[in-house]
Amino acid sequence: MHKIGFLGCGNMARAIIGGILAKGIVAPGEIIASARTQATIDAAHERFGIDVTLDNAEACKASVVFLAVKPQMYESVIAEAAPHFSSETVLVSIAPGKTLAWLSDASGLAKVVRLMPNTPAAVGEGMTSVVIGKGCSAEDADLVLEIVDSFGKSERIPEHLMDAASAAAGCSPAYVYMMIEAMADAAVLEGMPRAQAYRFAAQAVVGAGKMVLESGQHPGALKDAVCSPGGTTIEGVRTLEACGFRSSVTEALIATVDKARSL
Ligand SMILES: NC(=O)C1=CN([C@@H]2O[C@H](COP(=O)(O)OP(=O)(O)OC[C@H]3O[C@@H](n4cnc5c(N)ncnc54)[C@H](O)[C@@H]3O)[C@@H](O)[C@H]2O)C=CC1
Ligand SMILES: O=C(O)[C@@H]1CCC=N1
């Protein structure tokens with residue numbers, strides 16, 4: 001029997017599978033993924049060496065089943081999958097908006113888990129929020145956490161913080177990529193080759209993130225330390241404030257929370 005199944009094999013499933021296999025906690029043959037098209041499953045098999053199928057029922061037989069389809073598909077995919085689960089199946093949702101209570105009702109399963117991962121899982125740098133349902137045993141929780149910790153960091157949170165966690169870590173990589181693109185555009189405008197500009201901008205983001213995590217300093221203090229008196233950086237800070245940078249980011253994250261609540 002497969003240890004981990006994926007219903008859906010899109011961007012997030014592929015990021016998780018890549019992260020799990022890089023860490024080696026399970027062999028490729030212990031993972032099975034289903035998707036709607038032959039091209040998708042062929043590509044996943046070729047890239048990861050995992051088992052693949054067009055039949056969701058096959059993937060439902062795994063011990064831990066990730067629901068990796070869009071939230072709008074959850075209802076129909078769970079209805080199709082439910083007859084194929086066993087009472088021991090651990091069902092893992094990675095979608096915003098679908099509560100543990102809803103998942104349990106829809107699937108008929110007692111063992112349900114909510115995660116909100118992010119695509120940096122693909123390089124072992126994921127940040128995943130975890131809510132383990134009450135029907136899960138300590139062993140189920142350990143297994144899920146072993147899987148999740150193989151592709152980055154994780155924290156257990158109360159379920160009511162799931163939308164906040166999704167905004168801060170699930171969606172936010174998209175905005176960071178936009179910022180990296182914009183930062184590189186400026187460097188390109190000044191004559192730097194494009195590939196080099198992405199390296200500089202991306203490494204600056206990696207380094208700034210590590211500073212927040214490891215220095216113990218407030219982000220504002222770290223920002224202040226970059227701004228030499230009468231220097232160049234403070235001119236950029238003035239410009240970002242005039243353009244509503246921080247407010248734009250906050251509003252964008254609140255928009256994701258509003259959307260999650262509507263799903
Ligand atoms: N992309 C991201 O950064 C993140 C995504 N998520 C969640 O992951 C889930 C999937 O999102 P993405 O991977 O971005 O979407 P995607 O569109 O890349 O992948 C969806 C996959 O589902 C498959 N699919 C569609 N209908 C199906 C069906 N009836 N049966 C089996 N497979 C079917 C598609 O073939 C595709 O492989 C969503 O619930 C999303 O909220 C969570 C965190 C981050
Ligand atoms: O866009 C989405 O809905 C998913 C959830 C978090 C990131 N991507």
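Cβ from N, Cα, C; glycine included.
A quick note: this is a predicted structure, and the numbers were derived from the prediction, not measured.
Residues or ranges marked as domain 'Pyrroline-5-carboxylate reductase catalytic N-terminal' in TrEMBL: 3-96.
Long-range Cβ proximity for ASN11 (NADP(+) binding site), meaning a same-chain Cβ under 8 A and a gap of 6 or more residues, is found for THR119. Marked as NADP(+) binding site by TrEMBL: LEU7, GLY8, CYS9, GLY10, ASN11, MET12, ALA68, VAL69, LYS70, PRO71.
In the three-state DSSP reading, ASN56 (NADPH binding site) counts as helix. Feature annotation from TrEMBL assigns NADPH binding site to ASN56.
Annotation comment: TrEMBL describes 159-263 as domain 'Pyrroline-5-carboxylate reductase dimerisation'. Sorting each residue of the domain 'Pyrroline-5-carboxylate reductase dimerisation' (159-263) by its DSSP state yields 89 helix, 0 strand, 16 coil.
A C-beta separation below 8 Å, combined with a sequence spacing of at least six in one chain, links LEU7 (NADP(+) binding site) to SER34, ASN56, ALA59, CYS60, VAL65, PHE66, LEU67, ALA68, VAL69, VAL77, ALA81. Around the Cβ of LYS70 (NADP(+) binding site), the same chain contributes GLY8, ALA95, each under 8 angstroms and 6 or more positions distant in sequence. Secondary structure from DSSP puts LEU7 (NADP(+) binding site) in a beta strand. Across the annotated binding residues for NADP(+) (LEU7, GLY8, CYS9, GLY10, ASN11, MET12, ALA68, VAL69, LYS70, PRO71), the two most widely spaced Cα atoms sit 14 Å apart.
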